[in-house]
Amino acid sequence: MQMADTSMPNSGNNWWSCLTLNNHQVASESVHGARLAQAHLAKKCSSKCSICVEENKECKCKEHESRVAIAATEHHVKRSSSFAHSVINMIGMLIGLGQLSTPYALENGGWASAFLLIGLGIMCAYTSHIMGKCLDEDSSSKTYQDLGEQAFGTKGRVLASTFIYLEIFFALVSYTISLSDNLPLVFAGVHLRLPHLHVSTAQLLTVIAVLVALPSVWLRDLSSISFLSFGGILMSLLIFAMVLSTAIFGGVSANQSIPVLQLRKIPVVSGLYAFSYAGHIVFPNIYTAMKDPSKFTKVSITSFTIVTTLYTCLAFTGAKLFGPAVSSQITLSMPPHQITTKIALWATVLTPMTKYALEFAPFAIQMEQNLPSSMGRWSRTLIRGSVGSILLLLILALALSVPYFQYVLSLTGSLVSVGICLVFPCAFYLKICRRQVSKPVVVLNAVIIIFGVVLGIVGTISSSKSLIQSMQRGESS
């Protein structure tokens, strides 16, 4: 019975990993959370089955047991992500909302801040590599949370979980702000008003868009929404292609000057850059889906090289095209009447619509496993959907109250992403692989930890201060 208890969670995790990574060969920044929750659900199920057997009671977990048993079989068949597939998965994870702000970040930080962008890319590639080393040490570790527990026990798992859910929450707020910023351009010329309410057209359009997406959080079958992951990644790649098309065919001269360095803005800029590389929470799932996990380091180097190159090119292209007038989201600066701009705007608007159900999935599964087993399916669905709706409306209210995309994104990068991408992986590595790590490597990881902590603290203070000042100016006006 002990063997069943330890193996079931990983099988459950692999079932969900196989579903998303092999059916679509693309990872999602939100599906990782669902996998984590699914692993816990499988663990809980296996524990119940053990109790049922020991107490000689009728087991009521057969449905879950069969699902986990199927997962154990499928794991051996479907662990087949090739090197190319794994690179696509990782690039898809990294290219997202952060790409919209790289031109703004470079213009405000100066062209010398590109060294920070590239340096963070190198460091994040290294931390991805050492996460693979940690996973090599214990085959039972399949998720980011597992690494936290493997290194620091229950406290490590709780800390990792807290940062993961914080990142999901703040990312959804940022997506909703982006939705609010871009919708008025998509529906240019539309004017909406409600009597007795001082609400702008942009706010009303955002409310309507979120209400349209609201039913998706009621979906109980996670496999039915996994296709949204693929759609979200396609939208991100489409935005990148449209920006480059504007530079080449849009008739806008790339002759704006970029300042060398604006040191006082670097703390905010560092948060934007850090958020752009946020993806480490799903890297363990990419690792476990690989046919040959020994190539994970090569996958990390290849993926981060491509993404860092794309970010750097996009940053310089946007900054040279629009100069000081560049917006915090590059789509807001593109020529409004060109077809490439319209495509980029629609892609930017549709991207958040694909995120809500996926991002809520981890919360939903964790919540469902804590509900009484005697509760019926419809009651569970009602509670799940109601909580999801309340959380989504809370995110909507927060996004409309704090419509400052660059500062919210920078705060997320500094407060959460730096820890997830830099600090925690190094700490996990030093703890898990401490017997194999040489002194120079210990020094290197300690330097990255210190650098990440300093960057996170300074960036959090700076972006919080800028956010508060922007809110105060908004209230006074």
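If you go along the chain as it appears here, the first residue is 1 and each next one adds 1.
Cβ coordinates are placed from backbone N, Cα and C, and glycine is handled just like the others.
Note: TrEMBL annotation is automatic and uncurated.
Per TrEMBL, domain 'Amino acid transporter transmembrane' is recorded for 80-462.
TrEMBL lists 87-106 (among others) with the feature transmembrane segment.
What TrEMBL records for 112-132 (among others) is transmembrane segment. Long-range neighbours of the transmembrane segment (112-132) within the same chain, counting only residues 6 or more positions beyond its ends whose Cβ lies under 8 Å from a Cβ of the stretch, are 90, 102, 105-106, 147, 260-261, 266, 269-270, 273-274, 276-277, 280, 283-284, 287, 293, 296-297, 300-301, 303-305, 307-308, 311-312, 315-316, 421-422, 425-426, 428-429, 433, 445, 448, 451.
Look at TrEMBL and you will find 158-177 (among others) tagged as transmembrane segment. Residues 29-30, 32-33, 36, 97, 144-145, 147-149, 152, 206, 210, 278, 281, 351-352, 355-356, 359, 362-363, 395-396, 398-400, 402-405, 408-409, 411-412, 415-417, 419-420, 424 of the same chain, all 6+ positions outside the transmembrane segment (158-177), place their C-beta atoms under 8 angstroms from a C-beta of that stretch.
Annotated transmembrane segment per TrEMBL: 197-218 (among others), in sequence order. Counting same-chain residues at least six beyond the ends of the transmembrane segment (197-218), those with a Cβ under 8 angstroms from any Cβ of the stretch are 176, 179-181, 183-184, 187, 190-191, 225, 228, 349, 352-353, 356-357, 360, 364, 381, 384-385, 388-389, 391-393, 396, 399-400.
Sequence annotations record features per position, and here TrEMBL assigns transmembrane segment to 230-254 (among others). Long-range contacts of the transmembrane segment (230-254) within the same chain, counting only residues at least 6 positions beyond its ends with a Cβ under 8 Å from a Cβ of the stretch, are 24, 26, 28, 92, 95-97, 99-100, 310, 313-314, 317-318, 320-322, 330-331, 334-335, 338, 340-341, 343-344, 347-348, 350-351, 354-355, 358.
The transmembrane segment annotation in TrEMBL covers 266-287 (among others).
Sequence annotations record features per position, and here TrEMBL assigns transmembrane segment to 299-323 (among others). With a threshold of 8 Å between CB atoms, the same-chain residues lying at least 6 positions outside the transmembrane segment (299-323) that come near it are 83, 86-87, 90-91, 94-95, 98-99, 102-107, 111, 114, 117-118, 121-122, 124-125, 128-129, 132, 240, 243-244, 246-247, 252-258, 276-277, 283, 286, 290, 330, 333.
Here TrEMBL flags 343-365 (among others) as transmembrane segment.
Residues 101, 169, 172-174, 176-181, 203, 206-207, 210, 213-214, 217-218, 328-329, 356, 360, 363-364, 367, 466-467, 470-471 of the same chain lie 6 or more positions beyond the ends of the transmembrane segment (386-405) yet place their CB under 8 Å from a CB of it. What TrEMBL lists as transmembrane segment is 386-405 (among others).
Long-range Cβ contacts of the transmembrane segment (411-430) within its own chain (Cβ-Cβ under 8 Å, at least 6 residues beyond either end) map to 98, 123-124, 127-128, 130-131, 133-134, 144, 147-148, 150-152, 156, 159-160, 163-164, 166-167, 170-171, 174, 267, 270-281, 437, 442, 445-446, 448-449, 451-453, 455-460, 462-464, 467. Annotation source TrEMBL lists transmembrane segment at 411-430 (among others).
The transmembrane segment feature in TrEMBL is assigned to 442-461 (among others).
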